[in-house]
Amino acid sequence: MCGIFGTINYYLPLDQQQIFKGLQHRGPDDQDVEIIDNLALYHTRLSIQDLTALGKQPMEYNGLIIVFNGEIYNHMELREKYGLEASSTSDTKTILMMFELMGMKMLEEFDGMFAFALYDLRNRLLYLARDRSGKKPLFVYRKEGTYIFSSELNTLYQVAKPEIDYSALSDYLYLGYHYRKSTPYLSVSELENGHYLKIDTQNLTEENITWFEMADNYKTTSKLTHQESVDQLDTLLQLAVNRRIDSSALDVSSFLSSGINSGLITAIAARHSAKLKTFTFRARGSYDESVQAEKVAKRYNTNHTLLEIDFSNLQNDIEKIIGNQGEPNCDSSAIPSYYVAKETKKHTAVVLNGDGADELFGGYRRYVPFKHVDFFHPNNLTKVSAKILADILPIANEKQSYYTYLYRLLKFSSYTDVLKIYCSASSDLFVGFEDQFLKRPLMREISTDLISVNKLPLSSLNKILLMDFQSMLFSRLLPKTDMAAMTHSLEGRSPFLSKELLAFAPALPDNYKINNVTTKSILRDLAMKYLPEDLIYQPKRGFEVPLSKWVDTDLKEVIEDYLLSPNALYPGIIKRSFIEDLIAKKVKVADERRAKILYCVFGMEVWYKNLSKIKAPEIPYSLENSLNN
């Protein structure tokens, strides 16, 4: 893992140490910069695969220069397949050799997570690329012939000082995250997963090219029998786990909860890696998974550690946790993710996680209704009946219960608008409170994508799985886990997001994902081979975040300081009276939803205040004077 930063056609002086400092947590082991033509490439290194100087970046090879963040897990296989020289074990070198061999078609060969900038000196073309899922971030600023790109929004802001995009902030509040290429800034976009930019650095023109489209993987249906599918899943998951262990010069560990995602990964990893280190977390007031996790650890004789997560310093840490994201953050699970990564880094540098399994195989309870009813094309009777029931029933006030589940189901069943249906089923923030916005959310990109997905000849279940892959996974889950890990220079690897599993899972029949009301059915069938039976069919729990409690206790003072401040940003977007009434509990809304809305607005305010702390690059007095004259 590393941090990358670069500029095209940017001629103001830069404090290089400031740039490196902004990226250092992503790569504390080394740093360097290459300046050539009108291009500057910065890199900070976290050494994982090749620990020698042969892995140093920026790396040059036969007229090509690259700065690369991520890992190519199958790169040694590709060297053997294509007869490439093997003078080092650097996957960065493999990328350069593969580019020389086949250009950007190489991306289709890679199983990995990556964001890189590759410069072809002969043709003066710069390629910015991201992996299939968008595991590694890359943001691009474009204005008046200048490009700036970075792994970190905070570092990019430090140099570019872009203007705030208030329409994007309105969309953020409604949805709960910045959707796909959207950012809180004008002139700044996130390069999407499965895309690359081809930039002519002489003429300052670009092409945005899609090299991977997840929707294509949903257009075929597997012909394998159920047992053949289970066996194939086993084979592909073993391949994914083993690659992610073998492509590291450091020991690879594994997170281990009581769930089947991490349990399967741990079981397979333990068979491949002698004395695998595993980590389970426990926090006071949260569901304790340690007893169940211990069963798996003992079965596979792992070097198991139970880590206690302490939230006692949350009030002092919360601004840092949100500020590190570089953009408004609405996901309260970023809080435990931060502390989990902090504790894990004390014991290991590389850890396997279960990210992506639920979005690929149907792991969330909210997917179950979509298996049985096409909510994207509801009939009038369904809509009217659901609305009547939702209006007369008491508000569901428990975070997880069958009644809460039924209540939310009725709410999103009552909507006619596809966007409302999706937002209500997923983030469930301001749906129904649209009249509280002074600046109405436009939601153009997600609305367009929802319409496009809804036109595909897919089942209702596959439509929401595809949308969640493109939105919730890419825009919310992966940025959260990446930032939490990289804040502490910890590398997280996700076997379920392997090249092969991204092709395999979408093609499975719906019944293999949701069987009646059983989520991720095929994963549970595979788990029978590896895990204790009592773990396999227990309800999905996850690391519970007591957000409603925190908003009224631990975080009450800091949240109210921000939201009641006369200098707050949100009153230009949402009615101040609505937020004040939420704080005073005068709005008829479930406690958990109230807490989510307040935390979402609070996340935007913390981000906004953090901007004033980001130091701009210093310009010498003589140059500053000439610019002003």
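Using the three backbone atoms N, Cα and C, a Cβ is placed for every residue, glycine included.
Keep in mind it's a predicted model, so treat the numbers as computed, not measured.
Features as listed in TrEMBL:
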- Cys2: active site, for GATase activity (ACT_SITE)
- Asp91: L-glutamine binding site (BINDING)
- 2-202: domain 'Glutamine amidotransferase type-2' (DOMAIN)
- Asp355: site 'Important for beta-aspartyl-AMP intermediate formation' (SITE)
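It is 20 Å from the Cα atom of Asp355 (site 'Important for beta-aspartyl-AMP intermediate formation') to that of the residue listed as 'active site, for GATase activity'.
Across the structure, Asp91 (L-glutamine binding site) and the residue listed as 'active site, for GATase activity' place their CA atoms 13 angstrom apart. According to its DSSP assignment, Asp91 (L-glutamine binding site) is helical. Per-residue confidence over the domain 'Glutamine amidotransferase type-2' (2-202) averages 94 (mean pLDDT, predicted model). Secondary structure from DSSP puts Asp355 (site 'Important for beta-aspartyl-AMP intermediate formation') in coil.
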